[in-house]
Amino acid sequence: MGITSDRGNIHFTKKGSSSKPYTIRSYNNEEVIIGGDKMPGTPAALGASLSGKDRGIFHVEKAEYWRFIHITLTKGPYGVYVKDSHNNYFERLTTHSNYETGFHMQNSISNNEIVYLDTHNNADPRNNGQNADGMAIKEGSGTGNIIRGIRSYENSDDCIDLYEFKSSVTILDNIIFDNGVNRGNFNPYRGDGIGIKLGGGSPANRANVNHVARNNFSFRNRRGFSDNNMPGDMTLIHNTAWKNREEGFNQRSSKATYENNLAANNAGSSSLSKQNTLTSVKGKGNNWERGGSWQDADFKATSTSLIKGRRQANDKITRSDFLRPADGGNYGATTHWV
């Protein structure tokens, strides 16, 4: 079922409770598509502004204890825009072809969980591709936020962006690829194309954060993983960076613990010594520690068709040997999610 909203975006501002949450979901698991074609900023002209109240087909502000399940939001000024909201749950949404970030959260944000989101082909003409991420938690603070099991791909800027977010976020079981490519023919093109951006911003707006990234794939982006000059003590465990145009892992401003990660064929090189730029990192069990080189033949499977298909009934990706090491080594990410 497809709907085009001709009355502007849809605002959610009420507060439920843990025992009586509000729920918005498709009926009987049917496919529901909400189009934002007639909303402001679809698309906005180069350099134009977009007021806060017009952001998002779903605009969630000062809302608590909402559950949003199995809905597609497309061609809007952001797909989902969340501000100053807490204790909300978002499951099996799809945000694609929007004119800003697919799923965006900012300001005071805590105890929100985003699971099994598919967010792709979002691009922002008003900024020549600079700001349209797949998924973003930015410019704010708040604990207990989780991004789990999402696929984010072919967005004009980054895949997962934590720019200027000053509290720890958990990033788990995500598949990130093909971002930061100028598919909108922007001139000049300004997208960054970082797979998982773990912070950044002006020095005055940075803070020590302890983000946790576990079991994520990031491939064919500009960079795989980056702290983007954000300080803190981050933890990266069992992640895979493959065939990114620059480094697989770039960690220069934060302390970090790296365990059982895998980087291969990044920056146009098969040499394991040329995969990453790492400073002040405590590492063990990572594939580059063995030295030598890594070829695609060192994986059990490299076909991206293994992770692009329809989700299973439980909303997870079909299990496969995608980018699993052929030598059976205990490093890198897996689609065998718990």
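Cβ coordinates come from backbone N, Cα and C, glycine included.
Annotation comment: TrEMBL describes 81-253 as domain 'Pel9A-like right handed beta-helix region'.
For the region 'Disordered' (265-291), the list of distant contacts is 224, 241-259, 325, 329-332: same-chain residues at least six beyond its ends, Cβ to Cβ under 8 Å. Under the heading region 'Disordered', TrEMBL lists 265-291.
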Summary of DSSP states over the region 'Disordered' (265-291), given as helix, strand and coil counts: 7 helix, 8 strand, 12 coil
